[in-house]
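Asker: Can you read through this structure? Questions will come right after.
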Amino acid sequence: MEFSTKALDWSKAGQNGFLATKTDCLVVGVFEGQNLAGVAKALDVATKGLVARLLKQGDFEGKRGTQLTLHEVAGVGAARVLLVGLGKEADFNDKAFAEAVRTAVRALSSTRATSALWCLSQQPPQQRDIGWAVITTISLVRDAGYRLLERHPGLKRANGKPGAADKATLRKVVLAVDANDAKAATQAVVRGTAIANGMELTRDLGNLPSNICTPTYLANTARAIAKRHKLKVEVLGRKQIEALNMGSFLAVTKGSVEPPQFIVLRYDGAGAKQAPVVLVGKGITFDTGGISLKPGEGMDEMKYDMCGAASVLGTLQAVAEMGLKLNVIAVVPTCENMPSGVATKPGDVVTSMSGQTIEILNTDAEGRLILCDALTYVERFKPAAVVDVATLTGACIIALGHINTGLYARSDMLADQLLQAGRKSMDTAWRMPLDDEYQDQLKSNFADMANIGGRPAGSVTAACFLARFTEKYDWAHLDIAGTAWKSGAAKGATGRPVPLLTQFLMDRAA
C-alpha cells in the first residue's frame, strides 16, 4: 500500500480546490453536532449545505464509530465521499482518532475503492501533532490490510483462490495536510511506513507455522535484514554457544533436533562513542513445555512463543528504514523446547554463562533460561539500556489480560520512558512490581536459584529471575504473553510491541 502527503489550501475547496481532486474516495471527519468546522465545513460550503442537511435530518449524526458513504456528490471530484463520525469535539482523544481511522477502513473495505484522499490526519487530538496523526493512520490502515496468505504464496489454499477476507483493494492513500505541516508529515510517512513494515515482519514471523519458522529461519531473516540495510550480523551456532558456556540456554535446546541459533544484529546510526540500546528477544520457535509437557489443547499457539524475537527484529528493521541517529543491537537466543530421551529433566541443575547455577524445577519455564544467558552476553556492549521482550508467563495474562504489556524495571526513568512511548503509540504497558522480597520464592536447596517460584506472583518472580542477570546495566523487561497474539476468530500475531519499542527509540534519538 502506497502512502503520500498532499499540502492543501483549505480556503480553496471547490473549483480547482482540493475537493476537485480525482480519487475513488474522499474521507472527511465530522464532529457530533451541527457546528461544522475545517474540512467538513469546506465540504458543506462546496456542496451547498449537504453535510448540514444530513446532520439536521438525522441521517448522519457524527457519533463515534458511525459513517455514511455518499456517491457522485455534485461539486466533488471523488467518486465517493465517506463521512466519518468523530464524536463530540470536547472528547476527541487518541482512542477516538484511532476509532475514526478503523471505521473509515472498514467502510472502504466494503467498496471497490483503490485510492483515497484522506482528510482525517490533519485533525489530530489535542496535544498530538501531525507527525503522530500520520504515523498512527499508516499503522492502523496497514494493520487492517494485513494478509499473511497474500504475503506468503507457499501458504495459499489448495484451490489457489484467496477467500473474500484475503482481498485487500485499497492501494493508494493520499494524506491531506496543512501546507505548514507538509515537511513534518512527509517525514512521518517514512516513519509510519517503517513501523508498519516492522509490524508486518513481526506478524509474519509469528504467524508462520513452526515447521517453517525455525531457529534457522529466524537467523536467515536477520541476515536478510542485514543485507538489505547494510547492517552487521553475527549468528552463533551450537559449538560457539558451548564455547561461551551458555549452559542455561543449551539446557533448553537438548530435546530438539533443530540447531539453536544466537543472533546478534547491529544498527550503528550514531558514532562509535555512543553506548547502544540493546533489545533482547525470546525466540522459542515452538514450546511444547519439554518434559513438563503442556496440555494438547491450544498447543498450536505455542508457535507464537518467539514473538519477542520477532518484535526485536521488526523493530531493528524499522529503525534502519527510518535512519535513526542512535546505536541499536538486537540479540535473539532461539531454539525449540521439545521432549525427548535426551531432554532436560525437572530437577536438573545447570550453570549459566554468568556462573550462577539454576535448578530447573519446570522445563516449561524455559524462556527465562535462554534469556538469562543472553542478558549476560550483552554486558560486553556496555549498553545505555537493555530491554528484553518475551512471551514469558501465563501469569501476566491473568494479571493484565490482553490490553497492557507487563513492564518491569529497576529505574523509574527507564520505566517512565517506556510507559510514555506506549501511551503515545497506543501500544500500552503497565508497570509491575520488582521488589526484592519476591526473590525469596526462587530459593533452591541445590543451586543458586530455582527457575520457578510457585503460583503466587508468577510473572513477578519470572522478572525477578531475569533481574539477577542484569545488575551491570539499566534494564527493563516486557512480558508480552497477553499482547503478542490473539486467539479465536481473530487468531494471529498482533505485531506488538513494535510500536512501543520504535517510539521509545525515536524519543531517545530526538
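Including glycine, each Cβ sits where the backbone N, Cα and C put it.
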Asker: Out of GLU359, GLU366, GLU379, which is the one Swiss-Prot records at the Mn(2+) 2 site of LYS282, ASP287, ASP305?
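Answerer: Answer, per Swiss-Prot (Mn(2+) 2 site with LYS282, ASP287, ASP305), from GLU359, GLU366, GLU379: GLU366.
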Asker: Can you tell me how far the Cα of ASP287 (Mn(2+) 2 binding site) sits from the Cα of ASP364 (Mn(2+) 1 binding site), in Å?
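Answerer: Just about 8 Å between their Cα atoms.
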Asker: If I take the alpha carbons of ARG368 (active site) and ASP305 (Mn(2+) 2 binding site), what is the distance between them in whole Å?
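Answerer: With distance taken Cα to Cα, ASP305 (Mn(2+) 2 binding site) is 12 Å from ARG368 (active site).
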Asker: Indicate the candidate from ASP287, ASP364, GLU366 with the smallest number of other Cβ atoms within 10 Å of its Cβ, considering only these binding-site residues.
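Answerer: Comparing Cβ neighbours within 10 Å for the binding-site residues ASP287, ASP364, GLU366, ASP364 has the fewest.
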Asker: Near LYS294 (active site), how many other Cβ atoms are within 10 Å of its Cβ?
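Answerer: Result for LYS294 (active site): 14 other Cβ atoms within 10 Å.
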Asker: Can you count the other CB atoms that lie within 10 A of the CB of ASP305 (Mn(2+) 2 binding site)?
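Answerer: Looking across every protein chain shown, the total is 27.
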Asker: How many other Cβ atoms sit within 10 Å of the Cβ of ARG368 (active site)?
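Answerer: Taking all protein chains shown, ARG368 (active site) has 27 Cβ neighbours within 10 Å.
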Asker: Relative to the Cβ position of LYS282 (Mn(2+) 2 binding site), how many further Cβ atoms are located within 10 Å?
Answerer: 29
